[in-house]
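Visitor: Can you keep this structure in mind? I'll have questions shortly.
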């Protein structure tokens, strides 16, 4: 096994020593028992975490996700609730994607962007929830530094992608109301694909900047992440060389994603409102606002929770509040989004009923075919 020199360590502080193994109690105790890797045997009741000793610190290479460990009596209940939510999120978003794909009357720019949002949100939950479910039933809850960095990169990349897709959806609504006759000329399939690709590239570039900044730090002594996934605030509070410079980079990138996309959405809706109030027909005003109501509901939920967690300065005492908020935007928001879009959209309701009807026809045929084969 080879170990590399930790980043951010001055040459004079680096000592060519053997790796140290920190023995931590499984119940989340502090890493206060150390032994050399040459020591014989390790009790099974202890968790092993490889670290390097650097100066007066030990640089952590393995983390422990202790998010729900303070609620041991609720572990199994949380597992059932989150598993049900995860399955529901996947089924709901996949149903929307299938309905859009199979219904030709939904092959419009608005539903193309909704398809992209549903796909992105499904991927976002896949990055977080399966790991959360495993940790709820696991005693170790360990995650290596590369795994933690990978989880953070994909989670924030997909979350930023969601923000910019919602901004693209608001522009689509403005175009539909402002230029209804030229709508399909302006919002062509090529333009929609370019918008989705741009949101993906910008989102993952911002995520790369945040992930690189955080994991270029040295994590010293403590390796307990007070969260159920590798989030920004719990990680930077474990770093021993975190400075105002790092904080500004992270804040600027987070603000660019959240505030930047939100400003674009608000600009679109300011123009939409200015157009709608000038419409002579009350029915026309109602129809215009009804097409935007679902999007506005989702935007309000998404940005409300995300801005509270990532734009307001935090201390270690607020980690529990952040964790509860994180449950909301990683579980509740993706769960509500398909419901909001389907309940407030008659076209989507009709398409979903057709899909369910087709499934009900196919399942008996498959069952009878299987019976005949047997």
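Glycine too: its Cβ is placed from the backbone N, Cα and C atoms.
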Visitor: Of the ranges 77-100, 221-244, which one does TrEMBL list as transmembrane segment?
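Guide: Among 77-100, 221-244, the range TrEMBL annotates as transmembrane segment is 77-100.
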Visitor: From 41-65, 191-215, which range did TrEMBL mark with transmembrane segment?
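Guide: That would be 191-215, the stretch labelled transmembrane segment in TrEMBL.
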Visitor: Taking pairs 6 or more apart in sequence, does the count of Cβ pairs under 8 Å between the transmembrane segment (77-100) and the transmembrane segment (324-343) hit 3 or more?
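Guide: Yes, the stretches contact each other.
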Visitor: Where does the mean pLDDT land for the domain 'G-protein coupled receptors family 1 profile' (92-341)?
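Guide: Looking only at the domain 'G-protein coupled receptors family 1 profile' (92-341), pLDDT averages out to 87.
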Visitor: Quickly jot the same-chain residues contacting the transmembrane segment (191-215) by Cβ under 8 Å, restricted to those at least six beyond its ends, or write none.
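Guide: Counting only partners 6 or more residues beyond its ends, the transmembrane segment (191-215) has Cβ contacts under 8 Å with 109, 112-113, 116, 145, 148-149, 152-165, 167-168, 171, 232, 235-236, 239, 246, 249-250, 253-254, 256-257.
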